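K.L.:
The structure is given below, and queries will be raised subsequently.
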Amino acid sequence: MPTESGSCSTARQAKQKRKSHSLSIRRTNSSEQERTGLPRDMLEGQDSKLPSSVRSTLLELFGQIEREFENLYIENLELRREIETLNERLAAEGQVIDGTELSKGQLKTKASHSTSQLSQKLKTTYKASTSKIVSSFKATTSRAVCQLVKEYIGHRDGIWDVSVARTQPVVLGTASADHTALLWSIETGRSLIKYTGHVGSVNSIKFHPSEQLALTASGDQTAHIWRYVVQLPTPQPVADTSICGEDEVECSDKDEPDVDGDVSSDCPTIRVPLTSLKSHQGVVIAADWLVGGKQAVTASWDRTANLYDVETAELVHSLTGHDQELTHCCTHPTQRLVVTSSRDTTFRLWDFRDPSIHSVNVFQGHTDTVTSAVFTVGDNVVSGSDDRTVKVWDLKNMRSPIATIRTDSAINRINVCVGQKIIALPHDNRQVRLFDMSGVRLARLPRSSRQGHRRMVCCSAWSEDHPTCNLFTCGFDRQAIGWNINIPALLQEK
């Protein structure tokens with residue numbers, strides 16, 4: 001079958017690529033063995049005022065640079081030999097080709113075209129090789145402005161959502177596939193309250209804008225509103241868990257946090273909601289409060305979003321129009337606006353500012369599932385998608401985005417630091433990147449064998465007023481992480 005033959009061809013090409021890569025590695029290693037270690041030893045023996053850890057990092061980085069350029073030099077020699085062989089073959093075939101004689105001009109044009117292709121290949125190889133070196137320097141810089149402060153470990157399954165309370169006391173909330181939501185002390189990392197009212201995966205959590213109320217959405221086709229009362233414990237000194245000069249490495253799933261002992265079992269448990277919102281015929285994937293907190297909106301896999309009155313739990317509006325399952329919903333912080341995103345590659349803006357009517361605008365700019373769309377300061381919306389792009393939109397002109405960010409992995413639930421206009425992008429590939437509103441990359445959160453997420457990062461949330469942790473991330477490795485982002489240093493690097 002054609003599909004099978006295409007697969008075999010692709011497999012052979014991948015195998016040949018791996019083989020050539022392994023040969024290149026062997027050449028590099030053999031050349032390293034031939035070189036004497038004397039220059040490095042002499043360099044290490046010299047007096048220096050640099051700390052030994054920094055000096056070791058620099059030596060390692062310059063060693064990487066030397067190895068990369070050695071590889072480029074070897075490939076350059078091979079390409080030159082190919083060019084010479086090609087020129088000799090063209091000269092030999094210059095008498096008769098396909099029964100016609102080539103003129104000098106035609107021969108020169110053909111040779112020039114082949115040479116330009118090889119030259120382009122050399123440039124591409126150079127860019128790919130040197131990008132690794134540049135990434136090493138960027139990683140070291142990122143550690144200086146992005147530091148892990150606290151890990152929140154207690155869930156027994158992946159965490160889908162993370163949110164920060166907007167009233168005092170400021171607590172952290174997480175929603176998990178283990179059917180629970182937890183409230184945490186940001187300073188100590190201790191779980192304060194467990195909510196167990198849902199009988200399905202808890203997919204999102206949002207805090208009321210002025211009261212101690214939480215809104216959770218679940219796979220049991222409902223959204224719950226529940227009241228909490230917490231007393232924050234005395235904060236303990238925070239240990240510095242930053243890793244200076246350590247190379248980032250891949251981590252296996254075996255390195256996930258050990259939560260066999262349920263650390264949340266000793267905290268108070270809430271089992272019954274204050275209000276249950278029931279109207280959906282499918283999984284409720286997200287929910288949020290409208291400005292003022294008197295109404296709430298939910299998004300469901302039944303392709304609808306519902307607007308409820310919080311006090312009576314009555315359905316006010318059912319928002320229809322999406323062709324496939326909804327993935328997220330978000331409300332404007334100061335206006336009665338709602339944005340819903342969907343697997344149909346669109347997101348929709350719903351306007352409830354006029355009580356008598358509600359209008360809708362459809363934004364089409366992605367080629368795959370829109371995983372989330374969030375409001376920012378002013379009239380901008382930021383959308384993220386499985387098509388590996390993030391787009392910034394102006395609500396006054398929805399024909400085309402004002403900025404596009406292209407990445408190497410699918411985007412999950414994004415969050416925007418409104419005060420500083422910084423976008424946090426959690427990825428399927430376990431990375432979290434920070435960009436500004438114009439699409440300029442600012443930093444990447446450090447991830448190594450000792451810190452960072454081990455599996456897919458599902459969501460991020462900013463807390464602009466907290467003195468220690470101002471960015472939180474959660475993932476399917478069953479933990480949430482609090483980060484300290486040195487925003488002035490970040491913007492200064494920009």
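Placed from the backbone N, Cα and C atoms, the Cβ positions cover glycine too.
Because TrEMBL annotations are produced automatically, they should be read as predictions rather than curated entries.
These came from TrEMBL, pasted as-is:
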- 69-96: coiled coil (COILED)
- 1-13: compositional bias 'Polar residues' (COMPBIAS)
- 22-31: compositional bias 'Polar residues' (COMPBIAS)
- 32-47: compositional bias 'Basic and acidic residues' (COMPBIAS)
- 1-50: region 'Disordered' (REGION)
- 152-194: repeat 'WD' (REPEAT)
- 195-226: repeat 'WD' (REPEAT)
- 277-318: repeat 'WD' (REPEAT)
- 319-360: repeat 'WD' (REPEAT)
- 363-403: repeat 'WD' (REPEAT)
K.L.:
How many helix, strand and coil residues does the repeat 'WD' (277-318) contain under DSSP?
P.N.:
0 helix, 23 strand, 19 coil
K.L.:
In terms of Cβ proximity under 8 Å, which residues at least six beyond the ends of the repeat 'WD' (319-360) contact it?
P.N.:
282, 285-291, 297-307, 366-375, 381, 383, 385, 387, 395, 398, 413, 418
K.L.:
Can you break down the repeat 'WD' (319-360) into helix, strand and coil residue counts using DSSP?
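P.N.:
Within the repeat 'WD' (319-360) the tally stands at 0 helix, 21 strand, 21 coil.
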K.L.:
Per DSSP, what is the residue count of the repeat 'WD' (195-226) in each of helix, strand and coil?
P.N.:
0 helix, 18 strand, 14 coil
K.L.:
For the repeat 'WD' (152-194), what does DSSP give as the number of helix, strand and coil residues?
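P.N.:
Its residues divide into 0 helix, 21 strand, 22 coil.
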